[in-house]
Amino acid sequence: MDSKSVTPEPTNPFYASSGQSGKTYASVVAAAAAAAADKEDGGAVSSAKELDSSSEAVSGNSDKVGADDLSDSEKEKPNLVGDGKVSDEVDGSLKEDSTTPEATPKPEVVSGETIGVDDVSSLSPKPEAVSDGVGVVEENKKVKEDVEDIKDDGESKIENGSVDVDVKQASTDGESESKVKDVEEEDVGTKKDDEGESELGGKVDVDDKSDNVIEEEGVELTDKGDVIVNSSPVESVHVDVAKPGVVVVGDAEGSEELKINADAETLEVANKFDQIGDDDSGEFEPVSDKAIEEVEEKFTSESDSIADSSKLESVDTSAVEPEVVAAESGSEPKDVEKANGLEKGMTYAEVIKAASAVADNGTKEEESVLGGIVDDAEEGVKLNNKGDFVVDSSAIEAVNVDVAKPGVVVVGDVEVSEVLETDGNIPDVHNKFDPIGQGEGGEVELESDKATEEGGGKLVSEGDSMVDSSVVDSVDADINVAEPGVVVVGAAKEAVIKEDDKDDEVDKTISNIEEPDDLTAAYDGNFELAVKEISEAAKVEPDEPKVGVEVEELPVSESLKVGSVDAEEDSIPAAESQFEVRKVVEGDSAEEDENKLPVEDIVSSREFSFGGKEVDQEPSGEGVTRVDGSESEEETEEMIFGSSEAAKQFLAELEKASSGIEAHSDEANISNNMSDRIDGQIVTDSDEDVDTEDEGEEKMFDTAALAALLKAATGGGSSEGGNFTITSQDGTKLFSMDRPAGLSSSLRPLKPAAAPRANRSNIFSNSNVTMADETEINLSEEEKQKLEKLQSLRVKFLRLLQRLGHSAEDSIAAQVLYRLALLAGRQAGQLFSLDAAKKKAVESEAEGNEELIFSLNILVLGKAGVGKSATINSILGNQIASIDAFGLSTTSVREISGTVNGVKITFIDTPGLKSAAMDQSTNAKMLSSVKKVMKKCPPDIVLYVDRLDTQTRDLNNLPLLRTITASLGTSIWKNAIVTLTHAASAPPDGPSGTPLSYDVFVAQCSHIVQQSIGQAVGDLRLMNPSLMNPVSLVENHPLCRKNREGVKVLPNGQTWRSQLLLLCYSLKVLSETNSLLRPQEPLDHRKVFGFRVRSPPLPYLLSWLLQSRAHPKLPGDQGGDSVDSDIEIDDVSDSEQEDGEDDEYDQLPPFKPLRKTQLAKLSNEQRKAYFEEYDYRVKLLQKKQWREELKRMKEMKKNGKKLGESEFGYPGEEDDPENGAPAAVPVPLPDMVLPPSFDSDNSAYRYRYLEPTSQLLTRPVLDTHGWDHDCGYDGVNAEHSLALASRFPATATVQVTKDKKEFNIHLDSSVSAKHGENGSTMAGFDIQNVGKQLAYVVRGETKFKNLRKNKTTVGGSVTFLGENIATGVKLEDQIALGKRLVLVGSTGTMRSQGDSAYGANLEVRLREADFPIGQDQSSFGLSLVKWRGDLALGANLQSQVSVGRNSKIALRAGLNNKMSGQITVRTSSSDQLQIALTAILPIAMSIYKSIRPEATNDKYSMY
């Protein structure tokens, strides 16, 4: 960036006490500049590392520092004496005032008062000794900075709550630009107006440009114009501050105590921390970007660590105790270990200069602060991953200060425990977990459990670290640097403790602190988790932000993420929250994590209210305190454990709770048990969330903590189905472990939780949650016995797994265990858990005392020569079954037994089957012998063996598979395993000419066999991958490749023997489990593979039942009076009244028919008149003949005699007009219809026949739609009528259709018996196809005449369809209204397997007056069927009309309630041949569809 002429007026946040001498910041800068000038003249040499403004200095190349410079630097370093004073040799280089050097453009330095040589303050290597010789030259003045209020709070916050570490941070944002503040001098005794709490938020914006870096030694300028002065070169210090928000000011190793004067002036450490001010109500509110007073320089980037360069006195300073800095508003409060201020010290510029000199002298690393990313290992000057500026003020021995949490600021010594005094406005907070008290305005505040002495630290709303500059007294307290939010002021030396420090619990290995991974635990058990200061089962989230060059925008205040959900609106005033809580930075922080778990996903047992504690009493009796913040109304569900002491107590309480001991809280205000559920899931951290910042120096998991948490979660005294949650800090990459009752620690990974779940209140109280033993007590004896047997099976299976060398995490084993868990249900307690089964299995196998009672019977089927016997030998490991490569080795069914891993296995070896269709009879005989052996030794597993290298898609094995299914039943495939031998065969070439991959080859061959089995069983649903039989590969060749253990392996690396045995064991265990839990259900072979039992089609059977049927009548030649038709009786009666019409035909004049030659001579009108007269005479003749027939039948009834046998033939059943169908002409069978084509292949002449002489009528059935004209006749139809015992007329009609695929048979047979003149009974037997099954129908009905023109029929039927039986009844009534109109109504019901169908029919028949002479008639019918709640309506119309003398039109139409139906029109004519032109219509439609196919497909389009 361009250099600016900035004139910072120096101020000091560290004020020297009155009476002390010191020098101003300007004097120090001037002295450094003069030293640089003297160096150029060969005089004085700078005592600090030279920070050049060149690119080399920025990049940190150490090559630029010559040996001469280093030696000169060492020579000119201030000599540090034991008391911490600076030797007089340095006086000369620091006395004179200096202006801005001219070498590079630098901000002008306002000259201040000169500082004496003896006033220069340096830090000694020991923490205890700090020079007392530093004083203030002018005691009557001090510097005060009037800083205008920063209006925009967002300028002091890190944008998006994160800091970019992986890129060089260029300060180009206008929002982060700070303004140089005016400086005016005031008396030293004056206090700041804001009680010493000044704050300047931001981050150190390190620019890779270094044009404005002062070249002189000891004086530096950042890209923002900040002046950095290294005041004393000391020994090298290695301060490993690896977390964001960490600032080390002062000694990192020595025992000096850097104190602030008694005037309680403020030490400014603004790390994105807002200042807390007072509002009108006397409560605290976070005031971001307050006017900062007495600040010499302002760091303008968004996460800067600011320390004023005010005058410090060199006095004994003890390490400021780590201060737990308050998080952002909306989070849990932290313990503030109040540290004493720095009574005496040095200016901040001197501190920086000394640290720079140390780094230069000890490590020779020229890693410039302005050079972008600063290495963590550099001594003296550092940047953490949040962009915080870390400076070592003293050169001491190499110390690794591992402050492993964000928001940690290290200022001064760490060795001793001092309490930072506050002005008393902030309530004391101890151990980060404090009870909730009542503030002045009714607001909630934290009351410290333990009295802290003179706390001076203040908490700000932004989650930043601020160190008060008030005077601090040395006290003893425990230091845990590894906790989040800890501020370390002073030096941090490993294993060095202050002499007067009486606390032995100080961490002595600060440099290598094992940071326990914060685990978030949510329980649904019946115990209450309580720590000494904590009264809840809470979530402690691991605060391990990913650090590295690839990390993007991690939030500074990310040490503890809890509280407010809204990251943008989380600025709750201090007036409403006197304790500070962190906010969950989601959305803006770590934007690359898409699967963040919001706050509402984090289940906790306690929730805080900012506007007053509001406890909602749940139905379970447990209180839930909800958050009612002013700006964020989201409920927080998390409790934070931040300190190591709290974590230890928490783990101890977990141990107690896990053993069933209820822990109670000592906090009176929040003593309710608030354990929540997370839906039976256990959430753990992903392995990918490992922090890479510390480079392996610290352990990510505290194994003891993790073990205790897991122990409490996985059944150690917890209630059934105990659930446990371990989550990462930001809720990303969660994995769930569902532990249903009885499964304990069974882990089941789920997909990352992406969507937030709604907040869940407590739904289970302690009274409803029972322990495992109580659950087991509540089980009935029968259930206990089932669970015990199930547990025994589980133990057996686990022992078998152990013997096979497989683990429970194996894919097949995991599926079996999962199914066992589902069958056990959630009622299983700890006694029947998976952990108990695993433990027992391991113990049983280790001891070897308990015998494994498990046996296996395996039936081996397959074609000849596929390797059945060789597979048996390979499994048993011995040459037991004889094998022959050139012939059949197995000629009969035999049993072969052996022991494998302690399991007795019995094989049923069978002879090879043949796949040819002609050999299936031989296969059936062999399979009958197999069936006999199966009755003696029922097989548990069936191995269908085939070769892998001979599979084709021609389905040649289908006849064989169908024979197996027919002989042994479909249940034979229930526990079948497809075993493919010769598995080491090379795959064939694929379509591209290259060999197929092995996996593709195996998959194709497996699918072929599975598909064949599905077709053989007869249900294509077996081709569903979830229902297919498992496939196992086998290679029996002695030269098969082996692994190191000598076990045969396949080309894919699989050990086939153990895999096949595992499949067998798994199917046997699952089969035993099913029979164990459901012994009452009989085996239904129809339900094998999930087959749905087909219910009979009741609507179809009902419609078949409701049809009207004519009763057979005796032929006239057998003396039967078949006059049982009401219509015929009516006609007989009517004929008596029409006797006068009998003479009408006789009264006609004679009529001479004309010949064709004569008709041709007639005109059209004459020809028409002739035909009308001819038709009229023919009709009169037919009427006369009909009446004579009726009279004869009437005489037959009266006389009981046989009349007219010789002169009249009996009109058959076809003449019965009551069915409404046109009467058939009683003529012999005519010639077949014209063929569809007139080619030579149509050999219709072959089927011509003469008039039959017997009652058996046989004719072929032509398939007019077939493609084969020569052999298009694929069926035969036979009809026969006879009289049984000369009394019972009977008819039978059978039609058989057979082709290559189907065989259909249709049979209608009836026999009737008369009951006097008014009644008749008929019985019938029908066979017809219903789908692929044959339905056998036995029916019967009785018809009787109750009125003159009314006839009633009552009937029923029984239908046998497979294993189903359907019964039905019907009622029918027929009434004749005159001679033309007939009404027919029928109703009935059909019932099968508790299912019923109801139906009704109504038909109206209309005939012409001369019926049956005239054939014109019409019928209209309505049908209604109700089945399974569905109502089906249908309408049918049939009409037959004569058009002209020789033309007829037949119309048939049907429509149902779903608006679907059909219309059929038939036209026949022997006069109008032009009617054949109508065939052009379908041809034209076909042509139109071929031209425009889209026109017809639009309405069927799915779019």
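Glycine residues also receive a Cβ, built from the backbone N, Cα and C atoms like all the rest.
Look at Swiss-Prot and you will find 1-210 (among others) tagged as region 'Disordered'.
Annotation source Swiss-Prot lists compositional bias 'Polar residues' at 1-24.
Residues annotated as transmembrane segment in Swiss-Prot: 21-37.
The region 'Disordered' annotation in Swiss-Prot covers 298-338 (among others).
Taken from Swiss-Prot, the feature region 'Disordered' applies to 429-464 (among others).
Per Swiss-Prot, region 'Disordered' is recorded for 610-633 (among others).
Swiss-Prot lists 781-804 (among others) with the feature coiled coil, giving sequence analysis as the kind of evidence. In the predicted structure, the coiled coil (781-804) carries a mean pLDDT of 85.
Here Swiss-Prot flags 853-1087 as domain 'AIG1-type G'.
For the region 'G1' (862-869), the residues of the chain that approach it from at least six positions outside its boundaries are 881-883, 888-890, 909-915, 943-947, 957, 960, 979, 981-982, 1034, 1036, judged by C-beta separation under 8 angstroms. Residues annotated as region 'G1' in Swiss-Prot, with sequence analysis given as evidence: 862-869.
According to Swiss-Prot, the feature Mg(2+) binding site maps to Ser869, an assignment based on similarity to another entry. Following the DSSP three-state reduction, the secondary structure of Ser869 (Mg(2+) binding site) is helix. Around the Cβ of Ser869 (Mg(2+) binding site), 25 further Cβ atoms fall within 10 Å across all displayed protein chains.
According to Swiss-Prot, the region 'Homodimerization' annotation covers 884-887 (among others), on the basis of similarity to another entry.
Counting same-chain residues at least six beyond the ends of the region 'G2' (889-893), those with a Cβ under 8 angstroms from any Cβ of the stretch are 868-869, 881-883, 908-912, 926, 929-930, 933. If you look up Swiss-Prot, you'll see 889-893 marked as region 'G2'.
Summarising the annotation, Swiss-Prot assigns region 'G3' to 909-912 and lists sequence analysis as the type of evidence.
For 947-952 (among others), the entry in Swiss-Prot reads region 'Homodimerization'. Taken residue by residue, the region 'Homodimerization' (947-952) breaks down under DSSP into 3 helix, 1 strand, 2 coil.
What Swiss-Prot lists as region 'G4' is 981-984, and the listing cites sequence analysis. Beyond its flanks by at least six residues, the region 'G4' (981-984) meets 866-867, 870-871, 945-949, 1002, 1033-1037, 1040-1041, 1050-1051, 1056 of its own chain at Cβ-Cβ distances under 8 Å.
For 1175-1203 (among others), the entry in Swiss-Prot reads coiled coil.
Residues 866-867, 980-983, 985, 1001-1002, 1004-1005, 1008-1009, 1033 of the same chain lie 6 or more positions beyond the ends of the region 'Homodimerization' (947-952) yet place their CB under 8 Å from a CB of it.
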